[in-house]
């Protein structure tokens, strides 16, 4: 939610759907690794450690993916 706390629920959902590259309804670890590139073409991929840390912060039910809620 970094940078999204002041956004509406609809805005958060729009960002989620942009990051959900395979349109599965979830953001999986491979999609999360390239999250920075979704915001800037010259951005880097997250390291494996950064990706796992971010996944752990967003994966509230421990299923290995992040849902829109």
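Indices start at 1 and increase along the chain as displayed.
Note that Cβ sites are derived from N, Cα and C of the backbone, with glycine treated the same way.
Copied over from TrEMBL, here are the features:
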type: BINDING; residues: 20, 22, 24, 26, 31, 59, 61, 63, 65; note: Ca(2+) binding site
type: DOMAIN; residues: 7-42; note: domain 'EF-hand'
type: DOMAIN; residues: 46-69; note: domain 'EF-hand'
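Shown on the structure are the features that TrEMBL records.
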residue: 20; record: Ca(2+) binding site; contacts (Cβ under 8 Å, 6+ apart): 26, 27, 31
residue: 24; record: Ca(2+) binding site; contacts (Cβ under 8 Å, 6+ apart): 65
residue: 61; record: Ca(2+) binding site; contacts (Cβ under 8 Å, 6+ apart): none
